[in-house]
Amino acid sequence: MWINNQKILRLMFYYFKILGFFPYVYDRSEVIKKSKKTIIYTIILMLGYSVNFVNILISRSSFVRPQETIFSATVDFAILGLEYISILIIWIYSITRCSQLQCIVKLFIKSIEYTSVTMKIELANIYDDILRQMWMVILFFNVLFLTVMSADHVLFYLENKDYDNVTWIVFNYPRVIAFNYVMVYIYFLKILKRQFYFMNKNISYLPEVYTDKNSFSIEVITIREFNQLYLDLKDLIIMSDELLALPILTALLLQFLNIILYIYLLLIFILSKNYYWSGLITIGWILMRISQLFFSVDTCNSICYEANRKAKILHELWALKRPDGFKEMLKSISLHQLQEPVEIKLYDALNMNHELLYKMVGIITTYLIIMIQLDQQVQDKEKHKTH
């Protein structure tokens, strides 16, 4: 039996509050506003996590894992630091960027008003589906994260009896925050993508460009209103990029470094013929990290494709049908949108499209080859010394 959407929203709302990155309450006049109690709670989390991070660095420098190399230890320390920075940035942004988030929510509500009655009904159904999908994905990956993390802790303890389990549990379990934060951003983009999709689907029914003016099946929507909807959705993408660029960038960089480390460890396990629990846990981490990284980049790429498709459709309508009285408007709008396509760029540098995935694969492959060769050279030198 499906949980109704109100309960799903409430469950996610309180779960994100527990994680500390949603210190807000619903307010009719401002949509959302800061909650003093949850802000204090988030600040306490920040202070406690900072103290715990110092203890983690001390603990990590006190032991060496089996089959650990200089490279894996160095990357592990870098990941620990980046994990701490990433979570801290998310908490700080959640406390200090409420006004920007209010603007995004208000503009999102405004964009709904530009759609037709039919589109609103369809979008409501789509929102229900996306909301359920978001809940199921977040639930699945959070359970998977906690399961793999728990298994990892058990394995650590078996490897090292002096392992400070409590300190590491306090540090490791909040690492799910970055994952959930990115997932909220992804599903926000998926909702915008659906709006672009329905807008493109209904463009041909506009009275100004439709060839048979006696067969309208939807509410009359002008080209200008569609263009305003497009501009509002584009502004939502730009505003969300500006607001979330730093936390999203650090979270994705974190996933990238984790993928490098865990693939490297998996290769070490394979070369040493250790296929049991260490290898299985490592595979679990690899699958989680790769899936989120791919899901993030693919969603950004697909929404840009759907948004830019509108300009191509309008340009084809202008070029092929050339409706009387609206030639110049169609030409102007389509050319402007073709010249300024929708792109998701973090700090105007990192373009979130499929080319980024290809570059990442190349970088990961290169680094792994170099580090395995260096490890092999070190092993050869040690063997030579023993002889």
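Glycine is treated like the rest: Cβ placed from N, Cα and C.
Among the features that TrEMBL reports, transmembrane segment is placed at 38-58 (among others). Away from its own ends, the transmembrane segment (38-58) comes close to residues 17, 20-25, 77, 80, 84, 87-88, 91-92, 94-95, 164, 167-168, 170-171, 174 of its chain (Cβ-Cβ under 8 Å, at least six residues beyond either end).
Sequence-distant contacts of the transmembrane segment (70-93) (same chain, six or more residues past either end, CB-CB distance under 8 Å): 20-21, 42, 45-46, 49-50, 53, 56-57, 60, 64, 174-175, 177-178, 181, 243-244, 246-247, 250-251, 253-254, 257-258, 260-261, 264-265, 268, 371, 374-375. Taken from TrEMBL, the feature transmembrane segment applies to 70-93 (among others).
TrEMBL lists 135-158 (among others) with the feature transmembrane segment. Within the chain carrying the transmembrane segment (135-158), a Cβ under 8 angstroms from the stretch's Cβ atoms is held by residues 3, 8, 11-12, 65, 165, 168-169, 172-173, 175-176, 179-180, 183, 277-278, 281, 284-285, 288, 292, all 6 or more beyond its ends.
Residues or ranges marked as transmembrane segment in TrEMBL: 170-189 (among others).
Beyond the ends of the transmembrane segment (243-269), by six or more residues, the same chain brings 67, 69, 71-72, 75-76, 78-79, 82-83, 85-86, 89-90, 93, 97, 100-101, 104, 178-179, 181-182, 185, 275, 278-279, 282-283, 285-286, 289-290, 292-293, 296, 346-347, 350, 360, 364, 367-368, 371-372 to within a C-beta distance below 8 angstroms of the stretch. If you look up TrEMBL, you'll see 243-269 (among others) marked as transmembrane segment.
Beyond the transmembrane segment (275-295), the same-chain residues lying 6 or more positions past its ends with a Cβ under 8 Å from any Cβ of the stretch are 141, 144-145, 148, 151-152, 155, 179, 182-183, 186, 252, 255-256, 258-259, 262-263, 265-266, 269, 357, 360. Annotated transmembrane segment per TrEMBL: 275-295 (among others), in sequence order.
According to TrEMBL, the feature transmembrane segment maps to 356-374 (among others).
With a cut-off of 8 Å between Cβ atoms, the residues of this chain six or more beyond the transmembrane segment (170-189) that come close are 15-16, 19-21, 45, 48-49, 52-53, 56, 83, 86-87, 90, 130, 133-134, 137-138, 141-142, 145-146, 149, 152-153, 237, 240, 244, 247-248, 250-252, 254, 288, 292, 295-296, 299-300, 303, 344.
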